[in-house]
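Student: Below you will find the structure I want to go over with you.
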Amino acid sequence: MMWPMHTPLLLLTALMVAVAGSASAQSRTLAGGIHATDLNDKSVQCALDFAISEYNKVINKDEYYSRPLQVMAAYQQIVGGVNYYFNVKFGRTTCTKSQPNLDNCPFNDQPKLKEEEFCSFQINEVPWEDKISILNYKCRKV
């Protein structure tokens with residue numbers, strides 16, 4: 001069977017277009033690259049809830065519960081699991097940590113008791129092993 005002379009050229013052109021298209025898609029989301037993520041995503045929200053819980057259990061030495069005033073940034077990175085990066089501004093509430101229901105605690109508005117803190121968290125989740133942990137955090141008073 002004899003192929004027309006332009007057939008190899010067409011195949012080569014098609015291959016080059018396919019490779020260029022896939023390289024373009026890869027440049028937008030690199031494996032291991034950090035990119036902004038959606039706070040409404042269930043797994044992102046679970047990682048953020050974990051960071052907030054650990055903040056109040058381990059990092060926040062105050063007797064009052066703190067909750068987020070604002071999540072300023074959220075990123076994720078696919079590694080051997082998922083790394084989540086959060087920048088969160090916390091506010092002190094009127095509820096002490098010993099109270100049973102802390103979800104609806106109002107923020108403390110009294111000047112002497114009002115306190116805010118900015119924290120950056122790196123959370124690692126390995127879903128298939130059911131593991132989640134804080135790899136790194138840094139907090140400062142605002």
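Counting starts with 1 at the first residue shown.
Using N, Cα and C of the backbone, Cβ positions are placed for all residues, glycine too.
Among the features that Swiss-Prot reports, disulfide bond is placed at CYS95-CYS105, CYS119-CYS139. Per Swiss-Prot, motif 'Secondary area of contact' is recorded for 70-74. The signal peptide annotation in Swiss-Prot covers 1-20 and is backed by experimental evidence. Sequence annotations record features per position, and here Swiss-Prot assigns site 'Reactive site' to GLY32.
For each feature listed, report its degree of burial, its nearest neighbours and the pertinent distances within the displayed model.
Tutor: In the three-state DSSP scheme, CYS105 (disulfide bond) is classed as coil. The Cβ of CYS105 (disulfide bond) lies under 8 Å from the Cβ of TYR65, ARG67, THR93, THR94, CYS95, GLN99, each of which sits 6+ residues away along the same chain.
The DSSP secondary structure for CYS139 (disulfide bond) is strand. Residue density at CYS139 (disulfide bond): 15 other Cβ atoms are found within 10 A of its Cβ, drawing on all protein chains shown.
Residues of the motif 'Secondary area of contact' (70-74) grouped by DSSP class, helix first, strand second and coil last, total 0 helix, 5 strand, 0 coil.
Around GLY32 (site 'Reactive site'), taking its Cβ as the centre, 8 other Cβ atoms fall within 10 Å, counting all chains.
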Student: In the same chain, which residue numbers or ranges, 6 or more beyond the ends of the motif 'Secondary area of contact' (70-74), come under 8 angstroms Cβ to Cβ?
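Tutor: Contacts of the motif 'Secondary area of contact' (70-74) (Cβ under 8 Å, skipping residues fewer than 6 from its ends): 36-39, 44, 48, 84-89, 118.
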